[in-house]
Structure formats: structure tokens, C-alpha cells
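Peer 1: Okay, so TrEMBL annotates it like this:
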REPEAT    5-35  repeat 'PPR'
REPEAT    36-70  repeat 'PPR'
REPEAT    98-128  repeat 'PPR'
REPEAT    129-163  repeat 'PPR'
REPEAT    191-225  repeat 'PPR'
REPEAT    292-326  repeat 'PPR'
REPEAT    327-362  repeat 'PPR'
Amino acid sequence: MPSHDVVSWNSIITAYWKNGYLQEAKKLFYSKPNRNILSWNSMITGCVENGCLDEAFQYFKAMPQRNTESYNAMISGFVRWERIKDAGMLFREMPRKNVISYTAIIYGYMKVGEFEKARALFDEMPFKNDVSWMVMISGYADNGWFDEARELYQRMPNKNVVAMTAMITGYFNDGRVEDARTLFDGIRCKDLACWNAMITGYAENGIGEEALKLYLEMVKLAIRPDIFTLVSVTTAFSGLASVKEGRQMHAFVIKYGFEFDLSLCHSLIIMYSKCGSILDAEQAFRQMNGTCLVSRNTIISAFAQHGLYEKAVDFFNQMEVVGVEPDGVTFLSLLSACGHAGKVNKSMDFFDLMVRKYGIHPRPEHYSCLVDILSRAGQLEKASKIIREMPFEADGGVWVALLGACSFYLNIELGELAAKKLGNPHHSGTCVVLSNIYAWAGMWDEVTRMRLQKKEQGVKKQCAYSWMEIGNKVHHHFLGGDLSHPDTSHLEIKSISLQMKALVNIAEIDLLWSGFG
């Protein structure tokens, strides 16, 4: 260019910091013969975008004059990096505030859970736009303040798809699945975020089949899914435990070019593990571009859940080779693997290694797992000693583990203590286990007392459900003796039972004759 005006200078400075060349942008800024307020604002925004918040504030303080945009840029920067106190002080100093100023600080207050401050500012705003309403509604909905979110949504003058999406999330968080679906069906122009909210909501509420139906409908409408969609659908498959459909989902991931995304790979590993296909889970792990701590924790946890102790330990040992330091989650998976394999001494070794070598403070779940391992091995006194020496109050998981072992090893004293510590003696599970301990010990008076107590308190045992997959269709929610399904046939069950008994009788005769032989 033969000559440079203030516009061209500002443009090239902004271009540099937008592409990550902040130092070059600074050099150009200081070599610029004349600067206007836009030049200063550009440098403030550039420093904020590149994570240099203190430098941004230095530019702000050095400005010869400031306008509303200067304050907004600095307040937004403070909010973005969660320096809400500084943002609030600057907001109060502003001579002239606009809707952007209010919305930025309201978002900051909602971000750190200061809902009362956010609502007070929202109510005093002289003018509100769609973004202002959205910040308040989303903040309430995402943090469990559903009634407040719904009240604002009903008052919102122009309900757009973003507001509706926020309310869909709020409905799901509140467990109101049907209301979420009704609102979704009423949206004329659905965007990807709206579809994702529904699919994620179904998956997180354990309604995997509906999540999959919605995903297939979305694909038919030629709406291209993103990472969030695929992670949610993969989560839905994990709940259904259907490996065939899971592999089809994996093919979708590869088709859309997301096979190297870490969050999606982690979801695939979890999905395959829950579907019972640990080989596919390991293959998904090996195909990852990089193996971070989360990746290794995920695959070690998968091995632990499948009782593959040696595999879990091998992958743990590889962590040191590749320079990945374990955390508390890693050791929790290792303790779980020890529990499945009955490795009592190794569990103590891993617990000691976690504390002494890596300086990781054990959490309640570590103690719960260790107590469970010792209890299952019949070392109830040792488990009880660990509970007493815990640096914090034992939670329900620890006492449940001890109570279950007491029922197996008939330790009445510790069983009664565990039941008492659980804090809810009228819970059906606690009542049943404690009653069984008394029965196996021949303490029938106590059994009678427990049964009468259950009856008086109205305690009922929760029903367990089963499901099965036939012809690529999953049939859910079967109870014992359930005749509600149209294809139920107890004649087949009786036929199989008779055949089994016949085989057992033949085996007994063969065994008898072999004794004479």
C-alpha cells in the first residue's frame, strides 16, 4: 500500500492477534503513528482472546479516553476468565451502560452461582434483548432452578429456538421428559443444538431407544451430526448394551471423520465395555491418535469391570513407560480389578502405592472398594479397623460393603453395626440383609421382629427388571411371572425345565453305573 490510514492499521493489527500472533500485533500497535479508540479496543480484545488478561487491563488503564465498548470488552474479558469480582467493580464504574454491559455481568454472576445478584440486575435493566433473556433462562435451567427458568420463559416476549432449547434441557434436568418432547415437537425450525438437547436428554435419562429413534430421524432429514450428537448417541447405546448397533454407531463416527476425537473415543470404549465386547473396547483404544490419562483410565476401568485383572495391571504399568502419571480414578479402577480377582494383598499394595509414591489422598470410594475386597475375603475385623481409621466419616458405600459380607460370614455384631450406620434401618435392602443374617444364625425371634417392623413401616422390596433382544428388537421391563408381553410363553419355559431335569437324571444314572464299574 502506498499509504496507510488508521483503518488499514487497525485491520492488520486485528488480523495478527486473531491468528495468534499477539506479539506482532503489539509491535504494530506501538509503531503506529496515530491511534484511535478502536485501536486501543482492538488490543484489549486481542489480549483477552489470547489469555493475557492483566495486559488487557494495562491497555485499558492506559487509554487516553474510553467508550462503552472499551468497558464492555474488559468486563467480558474478566467474566470469561472468571474474575467476576473485578468485572463487577468495573461495571459499577461505567458512566454509561448498555444492554451488552448488563448481559455480560449477568452472565458472569450466573456462571458463579450468584443468582440473586444476576436477577436483581436483570430486573433493573432498562432494555432487554433476546440474549439477555437467554442468559437468565439458561443459567437457571442449567443450575436446577427450573421454576425460575419457566417463569422467565413464559414472560419472554419473543421465544426463539435458543430459549426453547434451554427449556428442553431444563425439563430433562427436572425429569419432565414428556414436557420436553412436547416443546421440541412444537418448534418449527429446529437447529442442531435443539436436536442435541433432546438426544442428550433422552440418553441421560436412560431412555436410549428414544434417543436412537430421534437420531435416525435427524439423519433422514439430512442434518449433519456433530461431536455432541455422536457422544450422546453412543451413551444411549451404552445403556441398551447392544453391541451390533454399537458397531454401526462406530461406523457413523468414522463416516463423519470423528474417529480421532478423544471424547468420542472415550465414549466408544465405555459403550463397547458396557455391551460386553471388551475386544472392541481395546481396539477403539489402540486406534486413538493419542493416549492421555483419561483414555488410559477409561480402558483400565473397562478391563476391571470385565474381571481382566492382568490386563488392567499391564495397562497401568505401561502408563509409567509412556510418561502418564496416574490419578485417583486410575487406582480406583485397579482396586476394582483386585476386587473382581480376589487379590486382597495386591489391593493393599496399590492403596499404599497411591498414597506413598503418588501422594494421592484416598477418597471415600477408595476406602469403600478396599473394605469391600477385605470383607469379601472374610477379613471383617481388618475391614472394620480400616473404617475406624478413615480420616473422615464412612459413607453408605462402605457400610453396605461390610453389611453384605456380614450376611455371608454370619457376623451378627458387625452386621447390626453396619445396618445402624446406614442410617435408614427401614430401607428394604437393609431389612432383607439383616433379616437373612438373623435367619441363618437361627435367631427366629429377631427375624419375626424384623418382618413385623417391615410391615408396620410399609417397607416393600423393590422389583428387579430384565430385558432381552430378539430379532434386532429390544424388549424391556420384564418382571418375575410377568404375563403382559403378547409373546410370553410359559409352556416353553416348562418344556426347557423338563428337558433339564431329564438330563440331570441321566447324568446321575451314568454316575451311579460308573461307581459299580
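Every residue, even glycine, has its Cβ placed from backbone N, Cα and C.
All annotation found in TrEMBL is predicted automatically rather than curated by experts.
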Peer 1: Under DSSP, the repeat 'PPR' (327-362) has how many residues in helix, strand and coil?
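Peer 2: The repeat 'PPR' (327-362) comes out at 27 helix, 0 strand, 9 coil.
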Peer 1: List, by number or range, the same-chain residues at least 6 past the repeat 'PPR' (292-326) whose CB is under 8 A from its CB atoms?
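Peer 2: Non-local partners: 262, 265-266, 269-270, 272-273, 276, 278, 281-282, 285, 333-334, 336-338, 340-341, 343, 354, 358, 360.
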Peer 1: May I ask which of the stretches 5-35, 36-70, 191-225 has the most CB pairs under 8 A with the repeat 'PPR' (98-128)?
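Peer 2: Top-ranked stretch among 5-35, 36-70, 191-225: 36-70.
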Peer 1: By Cβ distance under 8 Å, which residues at least 6 away from the ends of the repeat 'PPR' (36-70) in the same chain are close to it?
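Peer 2: 6, 9-10, 13-14, 16-18, 20, 22, 25-26, 29, 76-78, 80-81, 83, 94, 96-98, 100-101.
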Peer 1: Excluding the flanking five residues on each side, which residues at least 6 beyond the ends of the repeat 'PPR' (129-163) place their CB within less than 8 Å of a CB in that stretch?
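Peer 2: Contacts with the repeat 'PPR' (129-163): 99, 102-103, 106-107, 110-111, 113, 115, 118-119, 122, 169-171, 173-174, 187, 189-191, 193-194.
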Peer 1: In the repeat 'PPR' (36-70), how many residues does DSSP put in helix, strand and coil?
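Peer 2: Final tally across the stretch: 26 helix, 0 strand, 9 coil.
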Peer 1: Compute the average pLDDT of the predicted model within the repeat 'PPR' (292-326).
Peer 2: 91
Peer 1: Reported in the order helix, strand, coil, what are the DSSP residue counts of the repeat 'PPR' (292-326)?
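Peer 2: Grouping H, G, I as helix and E, B as strand yields 26 helix, 0 strand, 9 coil.
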